[in-house]
Amino acid sequence: MASSVTGDAETAISADSSTKRRGGGWITFPFMIATLLGLTIAAWGWLLNLIVYLIEEFNVKSIAAAQIANIVSGCICMVPAVAAIASDSFFGTIPVISVSAFISLMGVALLTLTASLDTLRPRPCETASILCQSPSKTQLGVLYTAITLASIGTGGTRFTLATAGANQYEKTKDQGSFFNWFFFTTYLAGAISATAIVYTEDNISWTLGFGLSVAANFFSFLVFVSGKRFYKHDKPLGSPFTSLLCVIFAALRKRKAVVSTNEKDYHNESITMPTKSFRFFNRAALKQEDEVKPDGTIRNPWRLCSVQQVEDFKAVIRIIPLALATIFLSTPIAMQLSLTVLQGLVMDRRLGPSFKIPAGSLQVITLLSTCLFIIVNDRVLYPFYQKLTGKHLTPLQRVGIGHAFNILSMAVTAIVEAKRLKIVQKGHFLGSSSVADMSVLWLFPPLVIVGIGEAFHFPGNVALCYQEFPESMRSTATSITSVVIGICFYTSTALIDLIQRTTAWLPDDINHGRVDNVYWILVIGGVLNLGYFLVCSWLYRYRNLKDDDHKQAANVSH
């Protein structure tokens with residue numbers, strides 16, 4: 001795989017000297033990927049083990065810790081939308097990434113202080129004591145400040161890096177290759193964090209573990225800044241949301257106007273006629289008296305829009321139903337991330353006589369399987385499908401496959417948890433602890449299945465948004481997936497709270513609960529959501545599906 005990238009780099013650089021002069025191209029690849037690697041190691045280094053840190057060092061109850069972690073994850077996923085707007089509208093991607101990486105560095109450094117200074121943490125719980133000292137307001141204030149800074153910095157770089165990296169290339173094929181490497185590096189870095197850093201936190205010290213995250217963040221910041229002279233610096237095109245609002249207002253102003261079938265009646269710049277879908281908004285581009293200056297420019301953008309603006313608006317509208325389906329796809333995954341850690345804490349995590357798997361490291365199974373199947377998909381499955389059918393596997397098809405794997409994973413996890421609860425009911429524990437005499441390895445199969453699903457649906461969602469959104473919203477487009485996932489973390493937090501209020505399935509001690517029933521509810525919801533997604537996919541028509549090396553497909557079968 002690495003040799004493929006090297007070959008692409010040599011070809012691209014030698015074939016297009018003009019790219020060198022204006023920046024961009026494969027010469028930027030090592031800087032972008034190294035930055036991504038360091039920032040992701042830093043972010044996952046503290047985030048993956050946050051639940052355990054809150055429980056062990058800040059005496060937070062297990063379900064409450066899981067909900068806090070979900071809220072933090074949701075914030076990290078929502079910040080990319082703000083970063084994208086700042087990039088598209090005001091500053092460009094490169095400055096936003098630089099500032100965000102520095103903010104992340106400050107947050108992780110402060111979090112390291114909470115681990116190293118005893119005054120910033122409550123006293124640990126005494127052995128066999130039910131009552132534990134709660135953290136003070138000052139201690140919580142410092143902790144939440146650190147988490148907030150780290151979350152803002154992480155969110156500000158996550159998908160902005162994807163856009164900045166893709167913007168360095170002219171060809172769709174090269175952009176697609178970068179996206180594959182982007183996700184591969186993301187999950188590889190997560191795997192490094194989930195093993196080396198989480199193990200350090202659990203078995204050596206939290207200070208050293210968080211310190212390694214600080215070092216990784218500092219390294220990535222230096223690498224990114226040092227590569228600035230090679231980058232293609234994208235110019236902000238103004239707020240894309242203003243353009244979308246103009247379409248709405250212009251269409252409403254002309255709501256009584258008759259939609260014309262004559263292209264001369266529309267203000268066009270590149271597209272001559274608006275499409276027939278969402279015909280009401282075609283009125284926004286309908287020319288009326290004194291709306292166009294003699295030089296052909298628009299007098300008032302809130303009264304008249306171009307056909308291109310109208311079609312860009314329609315593109316965003318078409319994506320919304322699919323985004324809703326993704327919310328219900330990712331909510332179970334968000335819940336599983338939290339509940340798996342709690343399950344791992346009450347299962348036998350021993351491997352051999354002296355090694356014990358950290359509960360926060362369980363997610364490495366998902367990360368590794370995602371990494372592996374991104375490569376398998378890119379090099380084996382997708383080329384085989386193309387050779388077999390003569391068509392590319394579309395982004396929506398990839399997302400649909402991810403839906404199916406997600407449902408399967410929830411079902412398998414429910415079966416595993418039911419087996420664990422039977423062992424608990426029989427009183428089979430390790431010694432006098434509350435740890436069931438059941439190996440944590442039973443959780444590996446469902447985690448692998450989740451990883452396979454993510455290898456399909458996550459890159460598929462990002463590719464869909466990047467290719468279907470207007471060019472002026474490229475940064476916003478790649479952040480949409482992150483925003484949807486952020487909503488999912490909030491949804492999962494609300495769902496956990498609802499289940500706690502209405503059932504006895506999720507007590508603080510899950511040995512006395514029914515987590516398996518929670519997973520079965522998620523399976524039912526997943527099946528219904530898959531049906532909804534298939535209907536939306538069947539009705540959707542691609543706007544920009546193309547490949548540089550093949551003829552463009554006018555109609556794509558879903």
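Using N, Cα and C of the backbone, Cβ positions are placed for all residues, glycine too.
Annotation source Swiss-Prot lists transmembrane segment at 31-51 (among others), citing sequence analysis.
Positions annotated as transmembrane segment by Swiss-Prot: 63-83 (among others).
The transmembrane segment annotation in Swiss-Prot covers 90-110 (among others) and rests on sequence analysis. Long-range contacts of the transmembrane segment (90-110) within its own chain (CB-CB distance under 8 A, at least 6 residues past either end) are made by residues 35, 39, 42-43, 45-46, 83, 142, 145-157, 160-161, 163-164, 167, 210, 213-214, 217-218, 220-221, 224-225, 228, 231, 233-236, 475.
Positions annotated as transmembrane segment by Swiss-Prot: 140-162 (among others). Here the transmembrane segment (140-162) has Cβ contacts under 8 Å with residues 32, 35-36, 39, 42-43, 46-47, 50, 58, 72, 75-80, 82-84, 87, 93, 96-97, 99-108, 110-111, 113-114, 120, 179, 182, 462, 475, 478-479, 481-482 of the same chain, all six or more residues outside its ends.
Outside the transmembrane segment (178-198), and at least 6 residues removed from its termini, the chain residues within Cβ reach (under 8 Å) are 5, 29, 32-33, 36-38, 40-41, 43-45, 48-49, 161-162, 165-166, 168-169, 209, 212-213, 358, 360-364, 367-368, 370-371, 374-375, 378, 455, 458-459, 462-463, 466. Marked as transmembrane segment by Swiss-Prot on the basis of sequence analysis: 178-198 (among others).
Residues or ranges marked as transmembrane segment in Swiss-Prot (evidence: sequence analysis): 204-224 (among others). If one looks beyond the transmembrane segment (204-224) by at least 6 residues along the same chain, the residues whose Cβ comes under 8 Å of a Cβ in the stretch are 31-32, 34-39, 41-43, 45-46, 49, 53, 57, 97-98, 101-102, 104-105, 108-109, 111-112, 115-116, 193, 196-198.
Residues or ranges marked as transmembrane segment in Swiss-Prot: 319-339 (among others).
Marked as transmembrane segment by Swiss-Prot: 357-377 (among others).
Here the transmembrane segment (399-419) has Cβ contacts under 8 Å with residues 322, 325-326, 329, 332-333, 336, 340, 343, 438, 442-443, 445-447, 449-450, 452-458, 460-461, 464, 515-517, 519-520, 522-523, 526-527, 529-530, 533-534, 537 of the same chain, all six or more residues outside its ends. Under the heading transmembrane segment, Swiss-Prot lists 399-419 (among others), citing sequence analysis as support.
Long-range contacts of the transmembrane segment (440-460) within the same chain, counting only residues at least 6 positions beyond its ends with a Cβ under 8 Å from a Cβ of the stretch, are 179-180, 183, 326, 329, 333, 336, 340, 343-344, 347-349, 357, 362-363, 365-370, 372-374, 376-377, 395-399, 401-406, 408-410, 412-413, 416, 419-420, 481. Per Swiss-Prot, transmembrane segment is recorded for 440-460 (among others), and the stated evidence type is sequence analysis.
The feature transmembrane segment is assigned by Swiss-Prot to 479-499 (among others).
Here Swiss-Prot flags 518-538 (among others) as transmembrane segment.
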Which of 31-51, 319-339, 357-377 contacts the transmembrane segment (479-499) most, counting Cβ pairs under 8 Å: 319-339
Long-range Cβ neighbours of the transmembrane segment (319-339) (under 8 Å; 6 or more residues past either end): 51, 66-67, 69-70, 73, 363, 396, 399, 402-403, 406, 409-410, 413, 446, 450, 454, 457, 461, 464-465, 468-469, 480-481, 484-485, 487-489, 491-492, 495-496, 510, 515, 518-519, 522, 525-526, 529, 532-533, 536-537, 540
Leading contact stretch, 63-83, 357-377, 518-538 vs the transmembrane segment (31-51) - CB distance under 8 Å: 63-83
Chain residues in Cβ proximity to the transmembrane segment (63-83) (below 8 Å; excluding those fewer than six residues from its ends, i.e. six or more beyond): 43, 47, 50-51, 54-55, 96, 100, 147-148, 151-152, 154-160, 334, 337-339, 341-342, 475-476, 478-480, 482-490, 492-493, 496-497, 500, 506-508
